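One structure below.
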């Protein structure tokens, strides 16, 4: 059997040669556990004559990855094999790689199709010695196997299907793409990115330094007008943004309801559903640049709209196709008045915005006055019990995990953009809360701080370093506003006037574990607050420094910050004594700030996978999960737990099987000591009341909002109602992003006879269940405290 080498020569397969290649990459690993010969044995079994050395390395890396559950060092080895494989394939020198990317000729049409911008290449070539020598290729070896594979699959630029960039090249391309001729700043950013202190968002990593640097993640729109022109102009904007791979939030509360009169045609409106089906098909058609994921639109509606019940059915799995729009995402923009009426079991009036205009343009007391005046004038189209609509909301969430829940009055009352007008919606991921109008499409550029990195070897938390890195991130995101490619002019106008940015986090759960704090402990709750105080403080200080150089953002005057009111003031919260807020407020009073909004913990799915961190602000969902690779799928264990169990001599095949049998929980495994059981509780074992409380405590330092998922293993209407009311009363802006549930571990098997139940019996069962659910919902509203105690 022979292999084909990289230069095309053939060579006989030699067991020892494969083993020695693997052995070379085992430096610093625990050789009591890691066995290169065992990997070689498995690799040989998968070989065929004529295999290339590239394929051989890929197989060796996958094989090492599958052995990760034996010892965590196998994961490091797997990544080293994969990275060294790429290093042999891709050129080393950064400036050479950038020239190759610029000189790319498209094989389909023979035309010059540069993959990086001429301006980027010129800067690289003019500073090539400094940039080339600043790169430290060993840092490529710090990715874990799955982080590296994610980069290779989606982030590193390819020439004719072959990866051309090394991870360090990509990070330097991004740094130069953002900072242009400011080489000192580019190298500072490169070092922080490559040492994993923070990461820019995926669109920034994909597109920085290219011909079309669309670096923003989020776009928010409100309907231009309740007319055919307005609806289709907005649709075109959505299509153009989606083509550039932006996630979209759209406010549709101003669109007239079903049956409303249309003066221009003397006809009647078909309402929201047919319009949203058109938006649904656009989302499917415009799939973020031709070969990526489908377009993603979140549709925001206020619950007084007459079409609200149909809106709640749009994502359901059953029902008539023409009444569904399953590719869209749905969110409620909820005024406090609705929550109050649900709580006190009052009536709720449904209206058409054409007959009752302006409800989406006001909030708080003004909204309540206008709404009550329309009720008095009898302009109402339908009256229902507020709890009947609440039941439909809970029913939809239990079935589909959505609609998202955002509280309109909190979003406006606690916004630094409230001087611009009423905010009408959030983003696709519920963390961006920005003003939109017919002339302005709100935009946000994102980055996330890797919170695990600031835990020192002495188990203390380095707040000073966190503040320093936050300041660099602010400067970067502020620069992106000016160099960004905007898919529509309204986005450019909005972003340059208000200059909002969104700094989020990843690895909060990892930071708690490294500090040895269980997620629900008092220590974790204090650290949670202090982390977000630090990020908010650092961000405000950096934005103030920028304002000192460049002046405050255009619409600063009249904003809460311009009056000395910061986010925590709007929550009536006093910060801890970690930072000198008095000094900062004096500085801001003198110079202002450059950015209207700063903090927005977003979901960090892809970038957290790259850096090997747990997502965002979330607890771990499981201590074991499955990963798929070409050669099959295998289990990965929470690396912190694996390390702890290995150190205590508790890690063996039987333990792995027990964790798998317990669906990733360790609570019922007798050999595991209590301190580890506390530390490694999964989200299903953590009180969601604590999760909501911690969200509110950090919320006082979050001037946008946060993507907050609620996890209830087996939701019932009572538990869910309790959760929502607790979150609302805590003052959250986003009460819920997704409702995450767990499929029953042993689904009940229906026998044929049971399926043949008479329809009558089935109907009575459904009615019984509805009564039970309603009772649970009402019970939780009437006995809030007791119900929360019995809820998760």
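Any Cβ shown, glycine's included, is placed from N, Cα and C.
Small disclaimer: the values here were computed from a predicted structure and weren't measured.
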Taking 256, 277 as the options, which does Swiss-Prot list with 226, 227, 228, 243, 263, 264 at the dTTP site?
256
Swiss-Prot annotation, GDP site containing 217, 431, 604, 605, 606, 607 - matching residue among 202, 415, 622:
202
Least crowded of the modified residues 17, 376, counting other Cβ atoms within 10 Å of each Cβ, is 376
Number of other Cβ atoms within 10 Å of the Cβ of residue 202 (GDP binding site) across all protein chains:
19
Spatially, which candidate from the recorded positions 17, 202, 376, 444, 607 is nearest to residue 431 (active site, proton acceptor), comparing Cα atoms?
444
Sequence-distant neighbours of residue 429 (active site, cysteine radical intermediate) in its chain (C-beta under 8 A, six or more apart)
218, 247, 298, 602, 603, 707, 737
Cα-Cα, residue 217 (GDP binding site) versus residue 444 (site 'Important for hydrogen atom transfer'), nearest Å, comes out at 6
If you rank the binding-site residues 606, 607 by how many other Cβ atoms lie within 10 Å of their Cβ, the lowest count goes to 606
Using the recorded GDP site (202, 217, 431, 604, 605, 606, 607) as reference, state which further residues of the same chain have their Cβ within 8 Å of the centre of those residues' Cβ atoms, listed in sequence order.
201, 446, 448, 602, 603, 608
Between residue 605 (GDP binding site) and residue 376 (N6-acetyllysine), how far is it from one CA atom to the other, in Å?
48
If one measures from the C-alpha of residue 607 (GDP binding site) to the C-alpha of residue 444 (site 'Important for hydrogen atom transfer'), what distance in angstrom results, rounded to a whole number?
17
Consider each pair of residues in 202, 217, 431, 604, 605, 606, 607, all listed by the record as binding GDP, and report the largest Cα separation in Å as a whole number.
17
